[in-house]
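As recorded in TrEMBL:
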REPEAT    104-136  repeat 'ANK'
REPEAT    137-162  repeat 'ANK'
Amino acid sequence: RRICPACRHSGGELVPFLRQLVLPTEEELRAPGALSWMADAFRLAAKHGEAETLAELSQLGCRLEEFDEDGTTPLLYIAVTEGHADVTRWLCQAGASVTRVTATGETPAHAASWRGDATALRLLIDCRADANAAEADGWTPLHSACTEGHVMAAQGLLDPGA
């Protein structure tokens, strides 16, 4: 449990050391279950806006689509929810799914709309997010943006190409 916060605060510098100390071989790295502590570190890095740490951990084999035990919290959803544009951009460029849903059917675009984050919405839409995706209750990102009074986010969803 102490490794994850250490990774978060190291700016990526601790990860190469951990590779030598904790995961000495590629074979061990590929073994089932070997990445559970790294998945926790990956999620923490996304939550706290540590794009450099994410890049280092991805080189160790962490998958962009790691989930919590209940199948929720894709990394991109976490980054958008926390308002980390640089992490959102990195995850999109690295191939994270912009359409992956949480247990309630929400996508990263729903999170960006709820926050009123027009920049994240544009980035997600540019990466082919479905601006009209409906969550479990039928709400789209536009519903969220309008309900929360986020005019710029709503306008971005109504622009051509969204």
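Heads up, the Cβ atoms here are built off N, Cα and C, so glycines get one too.
Nobody curates TrEMBL annotations by hand; they come from automatic prediction.
Just so it is clear, the model here is predicted, and its values are computed rather than measured.
Across the repeat 'ANK' (104-136), DSSP classifies residues as 17 helix, 0 strand, 16 coil. A mean pLDDT of 90 is what the model gives for the repeat 'ANK' (137-162).
Residue counts for the repeat 'ANK' (137-162) under DSSP, split into helix (H, G, I), strand (E, B) and coil, are 15 helix, 0 strand, 11 coil.
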